[in-house]
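Trainee: Attaching a single structure in structure tokens format; questions to follow.
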């Protein structure tokens, strides 16, 4: 079968093909869930350190040496489709007309100016985002941050029944538009290595990368974690740090750290046998989840790539193409490689380091006065009395960014909000204030206009409320 796959894909880059062949070969060999449930144990106490313990260590006078060993890598392969936007997700405006990419550049530029350092930014693009991202990068030429890019692999989706690629040729247009895919962020190791950029950065004296999703606005360079990494004695050098944080009910699907065969290992919901899914979701047994903020040794990545020793479980992701054809795409996750690295460590960080913007509901939170923006970093406003984030659920009328923008004349004051649910045809006037629990439900065919200046505190609004210009 592999030979048939081989001959049906002439012209795909050799590195992409070799990578896909390896992944496909492993997929054919592995059957069923990849973990033996009874062998799962809670990680030993010292393998997941509380952030406070690391932050308590005094920082040296000169942080420049540590920062000059660092490279910031952002995973930039995703499109804005889940928010109704075309093009790369990183180019969506999130705050004061600043995009995810703008905020990232501002954060790193601020570090470089403040400490007189040279921390570069590396973007891992996919074939979906590369062209649009490169066009926009020109606007940062006069910023104090070097920006490099490399591309994720391009692999063929395979027919669920025949296990053969559905691509008829290597073209990307027309009927072939959706038969290729970027194989998950676990592809970073091979793509980074194959691009030549990894070796170039090592030659420049760089030792660690800080990797995160570009849509996680909490993933800023943390000087305490960086110092912890570089201050370890040589024999005990930590090659991999995963930032984890405490689970809430909203995070039950997030991957968690376990001890398995005497190694720290990432367990994702896709690997859990069906009979144990509820146990996996429980907040009592698995208390933490992976934020996908990772600190990884460049030298270790090079060593593991050259030894072909990077071990990541395969995630089989089923999809249905527009024509109704059932396909699967084989992916890997960047954090799954933790078991291949020496002296790997989890750090239990504050929730503020995990602020992902996946939906328009998340966008409303980060655009509001709950957060203040300084040098590209968002921090919870001092005026909010308790540090938890409100639970916001905007209905289907708000799923696209453009619809959402027309429904808010200005972003409401949410400093004292606990919970907001909005369903149906609802609009908000200027300077609305929301406090406590607010539920607004417009039934089908009705519309609710919340008047300018309204204060809603612990209120349920339903029915029909039209405000017409006189």
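Glycine is treated like the rest: Cβ placed from N, Cα and C.
In case it helps, TrEMBL gives these features for our protein:
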{"type": "BINDING", "residues": "89, 152, 184, 215, 358", "note": "UTP binding site"}
{"type": "BINDING", "residues": "185", "note": "substrate binding site"}
Trainee: How many other Cβ atoms are found within 10 Å of the Cβ atom of residue 89 (UTP binding site), counting all protein chains shown?
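Mentor: Result for residue 89 (UTP binding site): 24 neighbouring Cβ atoms inside 10 Å.
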Trainee: Sequence gap of 6 or more, C-beta under 8 Å: which same-chain residues meet both conditions with respect to the residue listed as 'substrate binding site'?
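Mentor: Within the chain, the residue listed as 'substrate binding site' has Cβ neighbours under 8 Å at 75, 77, 124, 213, 292, 333, 334.
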Trainee: Using only the residues recorded as binding UTP (89, 152, 184, 215, 358), report the maximum Cα-Cα distance in Å, whole number please.
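Mentor: Farthest Cα pair among residues binding UTP: 21 Å.
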Trainee: Same chain only, sequence gap of 6 or more: which residues have a CB within under 8 Å of the CB of residue 184 (UTP binding site)?
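Mentor: Looking at Cβ-Cβ distances below 8 Å from residue 184 (UTP binding site), excluding near sequence neighbours, one finds 315, 317, 331, 332, 333.
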Trainee: Drop a 10 Å sphere on every Cβ of the binding-site residues 152, 215, 358 and tell me which sphere holds the fewest other Cβ atoms.
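Mentor: Counting other Cβ atoms within 10 Å of each of the binding-site residues 152, 215, 358 gives the minimum at 358.
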